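Following: one structure in structure tokens, then a few remarks.
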Ligand SMILES: Cc1cc2nc3c(=O)[nH]c(=O)nc-3n(C[C@H](O)[C@H](O)[C@H](O)COP(=O)(O)O)c2cc1C
């Protein structure tokens with residue numbers, strides 16, 4: 001059904017228009033409590049075996065929606081109803097900004113990939129806080145991903161992140177410092193430990209100051225050299241953060257023919273994303289929560305990431321190619337596979353193939 005809709009309709013319209021159409025429909029779903037609850041009852045993970053606890057937060061299933069789909073936190077409930085075990089909203093910046101000029105989103109269907117150079121288009125932290133503050137009709141675990149406002153110079157980056165954190169940490173189940181998107185000039189320089197240390201320390205102070213102490217994670221790029229992955233992992237431990245999300249999109253173009261500028265996601269990112277996860281696990285063991293994202297398409301991929309040491313797994317590009325039942329199917333398949341392998345708790349398999 002979705003394949004038909006995709007080939008006959010969605011793939012023929014501009015990718016960003018298709019995205020706005022989808023988000024509009026999902027927002028509509030969010031305003032219809034009866035439908036939303038019915039969808040949630042049908043599609044949200046409810047098998048107790050799928051439940052995960054990470055950094056003190058309870059997740060109904062390990063597979064969540066990666067940042068970038070719900071930039072303004074407008075369809076958290078709808079995505080949760082569709083079966084995502086958590087929804088990471090954003091990237092949100094302290095100030096509203098339009099992002100880069102269109103076109104800025106490109107499908108690569110043959111490669112099951114996407115290139116985007118959106119540039120953190122979003123309505124700003126205040127608007128996101130208002131959206132998140134609206135009453136929730138269905139349970140949802142919400143991660144809030146924050147980034148730097150484009151016009152803010154690097155020297156003032158920490159203050160800009162802190163402004164977003166103050167607004168949003170109290171409303172988040174976990175907070176993410178995004179220093180890895182390729183579409184804000186200079187952003188990825190913040191991954192260098194000497195710049196990252198003061199930035200993470202400042203945001204952590206805000207996250208620690210909320211009534212429930214909001215867990216804090218950092219999201220890294222797949223293009224870091226292995227030693228830099230290790231350095232960020234060491235810093236994350238040193239500062240007492242809760243985890244690392246790996247990875248964002250890549251500026252590499254291995255396995256694709258398109259030369260559009262921006263970040264590449266989907267299948268071509270799979271191998272590198274998995275390699276970064278393995279590297280992190282080898283470095284930190286189970287001392288940090290690792291969230292794996294990049295090229296996840298199906299239950300085999302999720303299983304592999306769990307075995308390699310991820311406690312949570314995320315995806316975005318797969319949603320474009322597999323449609324709205326994607327998360328539901330992944331959780332259903334995972335529960336079946338657990339039963340087949342005699343696994344009753346995901347903790348039994350996390351990190352089992354890690355070196
Ligand atoms: C259109 C698009 C927009 C994205 N925007 C963001 C963003 O704002 N912040 C962020 O941290 N990651 C963003 N991402 C990266 C995803 O969260 C994810 O890390 C990456 O796409 C790899 O996962 P995937 O292969 O499952 O898509 C975006 C990805 C896509 C495709």
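Cβ from N, Cα, C; glycine included.
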For the substrate site that TrEMBL describes with 116, 117, 118, 119, 120, 178, 183, 248, 249, which of these is also annotated: 36, 37, 71?
71
Listed alongside 67, 68, 69, 70, 71, 91, 145, 178, 219, 266, 295, 316, 317 for FMN in TrEMBL, from 236, 247, 353, is 247
Around residue 145 (FMN binding site), how many other C-beta atoms are within 10 angstroms of its C-beta?
27
Once the chains shown are all counted, how many other Cβ atoms turn up within 10 Å of the Cβ of residue 181 (active site, nucleophile)?
25
Quick one: give me the count of other CB atoms within 10 A of the CB of residue 71 (FMN binding site).
22
Under a criterion of Cβ-Cβ distance under 8 Å and sequence separation of at least 6, what residues of the same chain contact residue 117 (substrate binding site)?
100, 104, 105, 182, 183, 260, 261, 262, 263
